[in-house]
Amino acid sequence: MVFADLLEQVGSTGRFQVVHTTLLCLPILMMASQNILQNFVAAVPPHFCSAHTNLTASTRMSAAEKLQITVPIDANGSPEKCRHPEQAALRGCDDGWTYDERERSSSIISEWHLVCSLRPLKSMGQTVYMGGVLVGAGVFGALADRFGRRVLLTMSYLLMAVSGTCAAFSPSFSLFCLFRFMCGMALSGVVLNSFSLIVEWIPTRVRTVIGTGTGYCYTMGQLILALVAYFIRDWRWLTFAVSLPFYVAFLYSWWLLESSRWLVLKNKPEQAVENLRLVARYNGRQADGEKIDVEMVKSSMKKEMSGCKSSYTTLDLFRTPTMRKMTVCLCAVWFSTSFAYYGLSMDLQKFGVDIYLIQVIFGAADIPAKVIINITMSYCGRRLSQCGGLVLAGITILSNLLVPYDKQMLRTCLAVLGKGCLAASFNCCYLYSGELYPTILRQSGLGWVSMMARLGAMVAPLVLLLGEYVTWLPGLIYGLVPVLSGVAAFLLPETLNIPLPDTIQDVEDRLRKKRPYSYKTTQTIC
């Protein structure tokens, strides 16, 4: 008997799994609201230099006449945003800026005047947030493998709720960035621990469906954000609104059960047995649950428990040749997926379409993409699905280089197709990585590759700056990187219909194909 057999004995797809998975997926609905919140709270409104004080005081001129006198026309025939006429020369906006707030009543741009010379600070806000996600992936991933998934998940919910509230009412841009950094850290803790708790309480046969369903929660979150942002036009109340649900998640997270699989491998069989019996009771199999005792758990996983170290570090991800090759390839896959995804998604105003409409279109594109990736993962396997999604995304982005800039509709359609492929790739990433890494290092592994993804998200805005020198260079880079990482994905082992590995030796034996994969090995290395 192995853990999978114990899970079947207490009910692997019963009432507990339904409620447990649902409660873990609900906060994921708000993950998109945090990741792409910048599109709305940092939307740049039309703006121009404010008129001089003495001119503003005059009542003899209409607003149009004042605008004509104080704001020159640039080379494109639009009002100059950063200069006003002063005698025979143009000077900076000494009296500040006037913003057209018909689209949104306020944003961090108009709040702290992040325009003209301060325009780069807009990108810095998102970069700081992604930096928090990167740090959180390393911190929460390692801590969860040491102290447990549920405790870190509860802490992440509280951190997200409090940090989001503080960000909403920050009196300065620097404090806003600080609290957004903390939100980023919390997001990593929520995503990584939610996924592991879901995967470790369900059987192999439903992992693909559940993993895809979890991805749809993020997709729906993008549509929810567009709806909420449409009705809440003030950036402070919008930020507060998308943070409130995490207070509720914090309260009910105390009901969630720690992973018994993790407890067994951490030499805590008594607590593992208690959790298994609780699951049996929820699933109406109390009699079967009472048959499980500490001795049964110890004997069924004796080799795994005896071979496991008491603690692990990130170095264990690179300690053996198989783990090292797997981690390097996954790093390339995660980096490129996030790099291209946020390169396409984080500046919706560049498409020249209503930002609420384009957000809905971008979110809706994920729905068919994830249906297709679910089918391919179930029938063609994880490796081909991951490879195909990345290569197709890269080809789509590269194709956009051949489309003239005046054909905005075609360019937008290609961008939406590429974004859909990258969303499908992300969906595959989480499931595939969770199946590749052993239980004892699953959180550390997911944390490490998630750090690479956030590094890609941080680098993506910087690549756009190259467009000021060579207009086609950012598109070329965004397209080539996914294609190259698709090759790396092809080097990974297949995990379709294969039980989750518990130890590093399980991973080594599976990849080397010394024998049919089994949790029971003659020698266990952790």
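The count begins at 1 with the first shown residue.
Any Cβ shown, glycine's included, is placed from N, Cα and C.
Annotated features in TrEMBL:
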type: DOMAIN; residues: 27-497; note: domain 'Major facilitator superfamily (MFS) profile'
type: TRANSMEM; residues: 127-144; note: transmembrane segment
type: TRANSMEM; residues: 151-173; note: transmembrane segment
type: TRANSMEM; residues: 179-203; note: transmembrane segment
type: TRANSMEM; residues: 215-232; note: transmembrane segment
type: TRANSMEM; residues: 238-257; note: transmembrane segment
type: TRANSMEM; residues: 326-344; note: transmembrane segment
type: TRANSMEM; residues: 356-375; note: transmembrane segment
type: TRANSMEM; residues: 387-403; note: transmembrane segment
type: TRANSMEM; residues: 409-433; note: transmembrane segment
type: TRANSMEM; residues: 445-466; note: transmembrane segment
type: TRANSMEM; residues: 472-492; note: transmembrane segment
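For the domain 'Major facilitator superfamily (MFS) profile' (27-497), the mean pLDDT of the prediction comes to 81. Within the same chain, residues 38, 152, 156, 177, 180-189, 192-193, 196, 313-314, 342, 443-448, 450-451, 453-455, 457-458, 461 sit at least 6 positions outside the transmembrane segment (127-144) and bring their C-beta atoms closer than 8 Å to a C-beta of that stretch.
Count of Cβ pairs under 8 Å against the transmembrane segment (387-403): among 151-173, 215-232, 238-257, 445-466, 472-492, the largest is for 472-492.
The transmembrane segment (445-466) makes no contact with the transmembrane segment (215-232): fewer than 3 of their CB pairs lie within 8 A, with pairs spaced 6 or more apart in sequence. Between the transmembrane segment (356-375) and the transmembrane segment (215-232) there are at least 3 Cβ pairs closer than 8 Å, counting only pairs 6 or more residues apart in sequence, which means the two stretches are in contact.
For the transmembrane segment (472-492), the residues of the chain that approach it from at least six positions outside its boundaries are 325-326, 328-330, 332-333, 335-337, 339-340, 343-344, 382-384, 386-391, 393-398, 400-401, 422, 425, 432, 436, 460, 463-464, 466, judged by C-beta separation under 8 angstroms. Long-range contacts of the transmembrane segment (179-203) within the same chain: residues 4, 7-8, 12-13, 16-17, 20-21, 24-25, 27-28, 31, 34-35, 125, 128-137, 139-141, 144, 149-150, 152-153, 155-157, 159-160, 163-164, 166-167, 170, 210-211, 214, 243, 246, 256-257, 259-262, 279, 430-431, 434-435, 439, 442-443, 446-447, 450, 454, 500, each at least 6 residues beyond the stretch ends and with a Cβ under 8 Å from a Cβ of the stretch.
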